[in-house]
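Asker: Residues or ranges marked as compositional bias 'Acidic residues' in Swiss-Prot: 83-107. For N206, N210, N223, N242, N275, N281, N294, N297, N306, N333, N337, N343 (among others), the entry in Swiss-Prot reads N-linked glycosylation site, with the evidence type sequence analysis. If you look up Swiss-Prot, you'll see 83-119 marked as region 'Disordered'. The signal peptide annotation in Swiss-Prot covers 1-22 and rests on sequence analysis. Per Swiss-Prot, transmembrane segment is recorded for 439-459, and the stated evidence type is sequence analysis.
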Amino acid sequence: MSPVYVNLLGSVGLLAFWYFSYRWIQRKRLEDPLPPWLRKKKACALTRRSRHRLRRQHGVIDGENSETERSVDLVAALLAEAGEESVTEDTEREDTEEEREDEEEENEARTPEVNPMDAEGLSGLAREACEALKKALRRHRFLWQRRRRARLLQHNGPQQSHHAAVFCRVHGLRGFQVSVWLLLTLFWSTGYGVSVRCTYHGTDINVTSNATSMNCRLNCTCNHTQIYNGPCAGAESKLPLNVTFRQSRRQWHSVMLTFGFQYHLEGWFPLRILNESRDINVTEVYGEVACFTNDTNITMGQLTLNLTGRSYVLRALARTSPFESSVNWEETNVTDNATSSENNTVTVMSVLTVYAESDYIFLQDMCPRFLKRSVKLAKNNRRNTTFTGTNVTSLPEWTLQQCQGWKYWTTLSIMWKNRRSALLRAKSRALGHWALLSICTVAAGSIALLSLFCILLIGLRRDLLEDFRYICRDEGSSSTKNDVHWIV
């Protein structure tokens, strides 16, 4: 199963567990706290007035021994069920003041005070926490503004302090919106509509038994602004592309990117094609490495190779796997002065197809970094940069008999071609992101469950303490035990 669906299923399961836990807690809180055997005996029929009289009869004064209210209520219910409720004539002839108190208690019984935690559960507690946080923030902001106003009044006088206070209020109201707008604008403008193209032109091609060389010139532009113009040799070091990583685990990644830039920008790519296709007769070579963003702001890469009138193009789309799309070179723009035959075309296509997957993955990984780095170079006014030096680019000690394929590139391509151990594939990076998201989801679920348990304990701490005290008293009181066994 895809990691995307696994994480989605885990998130849905976590939300469902949270919802049903909340419903179960709410249902348990709304149930009667009395045991079933006592709830069936009409214990809840006692009014607040009769319970008050029973408390007074048993010597419990209002306002004291608040912890024993539940135990007294239980004793009152037991006495009422046993028929031992006796109200003397003296208690019925109370003075006017006591009757008024009884009426007030009856009114309170009709409209009892409901704790928000008991009425709404976790939602009420969350609402109270939000209100408390808002009050604390308003209080903190008020104190900060008052201290700032006093400081401005002390230094600048009353008129200037008034204007400064107005500015602070406006800044406090609009600062967050302005910050969010700037961040969104920066995110939208970064890399959107950027195009970087590096074209090379190779002449005086010389293919011998032990070396392949040519005169090569490279020209790089960023949004039609020139950032490099000079020989192909050494272009990677002269362009501060900064493709290294500090992490030791990404050392191979740095090596591949650096070597890939040299391979495509310094003319080694057409030299490999010419060396392995010795039968074709080529006098000059044109090529291009292009990275750009399309209308939907998706990064795309393109490799172009032109051999005497025949062009070959490889296109790569970021955030896609080479195994999910067709990776192949296409022959386009065949000019009228094409001198190569069909056999030569088949030979070139066979050579290009061998490492098409490696070139595709490299474009996917290189183009986003190349675009960002080129934008920085353009902002640093690195324009019309012209370099001088030798134009000769060669592959020394290179023969088809000594090694099959380009030795350096094939050595590094083995890691890319293997689906399980690929380091630079976009899908592997996506799996890494989903793994991090899975860890964060599990951590968030654990924190949520822990917070739910803590909130439950906080809301029920008083009831738990009363239950523990009642259990302790019940174990130490034999009379209460006898009454309970007698009712059962």
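Using the three backbone atoms N, Cα and C, a Cβ is placed for every residue, glycine included.
In the displayed structure, how are the listed features positioned relative to their neighbours?
Answerer: The number of other Cβ atoms within 10 Å of the Cβ belonging to N206 (N-linked glycosylation site), over all protein chains shown, comes to 12.
Mapped onto three states, the DSSP output places N223 (N-linked glycosylation site) in coil.
Its Cβ taken as reference, N275 (N-linked glycosylation site) is surrounded by 19 other Cβ atoms within 10 Å in the chains shown.
Around N281 (N-linked glycosylation site), taking its Cβ as the centre, 11 other Cβ atoms fall within 10 Å, counting all chains.
For N294 (N-linked glycosylation site), the same-chain residues lying six or more positions away in sequence with a CB closer than 8 A to its CB are M300.
According to DSSP, N297 (N-linked glycosylation site) is assigned to coil rather than to any helix or strand.
In three-state terms derived from DSSP, N306 (N-linked glycosylation site) belongs to an extended strand segment.
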Asker: Three states by DSSP: which one describes N281 (N-linked glycosylation site)?
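Answerer: The residue in question, N281 (N-linked glycosylation site), is coil (DSSP, three-state).
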Asker: Using C-alpha atoms only, work out the spacing between N223 (N-linked glycosylation site) and N206 (N-linked glycosylation site) and round it to an integer in Å.
Answerer: 34
Asker: Would you please pick out, from the glycosylation sites N223, N297, N306, the one with the fewest other Cβ atoms within 10 Å of its Cβ?
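Answerer: Comparing Cβ neighbour counts within 10 Å for the glycosylation sites N223, N297, N306 gives N297.
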Asker: Please tell me which one of the glycosylation sites listed here (N206, N275, N281, N306) sits closest to N297 (N-linked glycosylation site), measuring Cα to Cα?
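Answerer: Nearest by Cα distance to N297 (N-linked glycosylation site): N306.
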Asker: Measure from the Cα of N306 (N-linked glycosylation site) to the Cα of every one of the glycosylation sites N206, N275, N281, then give the nearest.
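Answerer: Result: the closest of the glycosylation sites to N306 (N-linked glycosylation site) is N281.
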